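Encoded as structure tokens, the structure appears first; notes follow it.
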Amino acid sequence: MLSDVLAWATAMLLMITPTISIWKPRTDVPPHEGQLIDMRNGTLRVVTILEAPFTMKEKTADGSYKYTGFCVDMINELSRMLKFDYDLYEVPDRTYGAMTDDGEWSGMVGQLVNDKADIALAAFTITSERERYVDFTERYMDYGIGFLMKRSNKEKQNYFAFLLPFQPVVWACLLAAIFVVAIMLFITSRIRIKLNIANPERDNDRQFNIRNSIWFAYGSLVRKGVEPAPRSLPVRIMAGTWWLFGLIVISTYTANLTAFLTVKRLEQPIRSIDDLAKQTEIAYGIPTGGGLYSFFRSQQGTGTIYELMWNYMNTEPTTFVKGLTGGVERVRQGEFLFMYDTPMLEYLIKKDPNCELMMVGKPFRQLGYGLATQTSNRLSHEISLGILHLKENGKITELRDRWWPKVGCSMDGSESEAAAEGLALDSFVGVYIVVAVGGALAMVAALAEVSWHSYCNNRPNVPTQQEDTNNTVSEQRKLTEEVLRGIDNGTLQILIRKTPPVIDTCPAHNGGPPDIKSDGKFV
């Protein structure tokens, strides 16, 4: 009986006890700590696409061709590091790869999916759609989608460019400061004169009338010596402060004016993806059969600006171009914006012989480039380790500096240092206009003075009160001289007789007492 109970308990214990599995590490996978796997097991098939400066074809001295570029140098570094050989060939349809309507992949993705290549070497954008069919390596470069346009030869002419260093409110404040300082100089001088503080032998406060004060304030601001020179202490303190203010203003204006006149600023009609989607004057497009094409096509039904742009491009037959070359040719024709990867656009602009291309706006879609391999193998993992090693030791940066020029055409279409020219006459038209207006005003003032003096000289000689006074004084002086001359020569004698006053019985006006003249007569 006891044995039956033990057997039953043992069976129940086995039924409720979970199965415990023991993990054994695999010994067929070599370790990667501190070393890279040796892949000397054959020659890898590498497919690429010609696109400067990543992969280019160069003619050698013997007439043959060889591949050069950023990606070629990178695969050479990886082949030495990972110890493998490769054969490089171009993709037949010259596209990166996109899924067609029948569900097949074109371009380099199709080469990998159909087992015609082991590695896709190019500026290959890593996308989620491609990731489902191929394996991507670690990013070797980050980028965005930029806007390429033809540089406009019509620069915005501003005849009054010399006013640009300061905003209108600053110019208004400077003009107001001139009048305020002039009024303060005038008031200070008048107060000193009124209180009899000024020293006539030393000070010149009387010369600071309102006209001279305004002229002094203006002349001091434009760094020209003007009269009257301040002599009294309060006026000198105010003038010295104004001179310091003028020094700072003129120095700041000169520095900003140099920058505004020597740097050509072009108008950029497109500054962002939103500006591009909202406008209809400038046509825009993308290359067919690439990652950017797949991205816009996948935006149908999302209600975003990308869907709006896709609908626009579908209605215009010239918006879809064949590759980067077709897009650049379309841009050179004018009135067209081409969207593409910024690294290649930067290279093209720097190397443009005519400097007629430029990038506008802010790039969108921050993505990355990687190498692609077939799925379900360790090749992408090993190449990723190699790319990380190249990034850590600075080799990727060195390769970029080698293939992207540091000098060349300006990215934003402005004049580069190498192509800078002297300032043209249109930069100084406004200054000549100001001089012409000043000369015209001076001529008007001169003509007004001439006309006034001519009018005064030609009108009838009607003596004024001042002239009457002067004539009276002159006659009195002559009479006095004749009297003195007669006394001297004896022809004139003076008789002095005192006459008693005579009282008039007529009452004076207003009931007051009668007035008596000096000769004794009533008034």
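Cβ atoms are placed via backbone N, Cα and C, with glycine included.
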**Prompt:** C409 pairs with which of C355, C506 in a disulfide, per TrEMBL?
**Reply:** C355
**Request:** Return the residue, from the listed disulfide-bonded residues C355, C409, with the maximum count of other C-beta atoms within 10 angstroms of its C-beta.
**Result:** C409
**Item:** L-glutamate site span - longest C-alpha distance across T125, R130, D341, in Å
**Value:** 18
**Complete:** Counting only residues outside T125, R130, D341 in the same chain, those with C-beta within 8 angstroms of the L-glutamate site's C-beta centroid are Y96, A123, F124, I126, T127, G290, G291, L292, L367, Y369
**Fill in**
Summed over the domain 'Ionotropic glutamate receptor L-glutamate and glycine-binding' (53-114), the DSSP helix, strand and coil counts are 20 helix, 17 strand, 25 coil
**Request:** State the Cα to Cα distance, in Å, between T125 (L-glutamate binding site) and R297 (site 'Interaction with the cone snail toxin Con-ikot-ikot'), rounded to an integer.
**Result:** 16
**By Cα-Cα distance, the member of recorded positions R130, R297, D341 nearest I270 (site 'Crucial to convey clamshell closure to channel opening')** = D341
**Message:** Cα-Cα, whole number of Å: C409 (disulfide bond) versus D341 (L-glutamate binding site)?
**Reply:** 18
**Inter-residue C-alpha distance, R130 (L-glutamate binding site) and C355 (disulfide bond) (nearest angstrom)** = 36
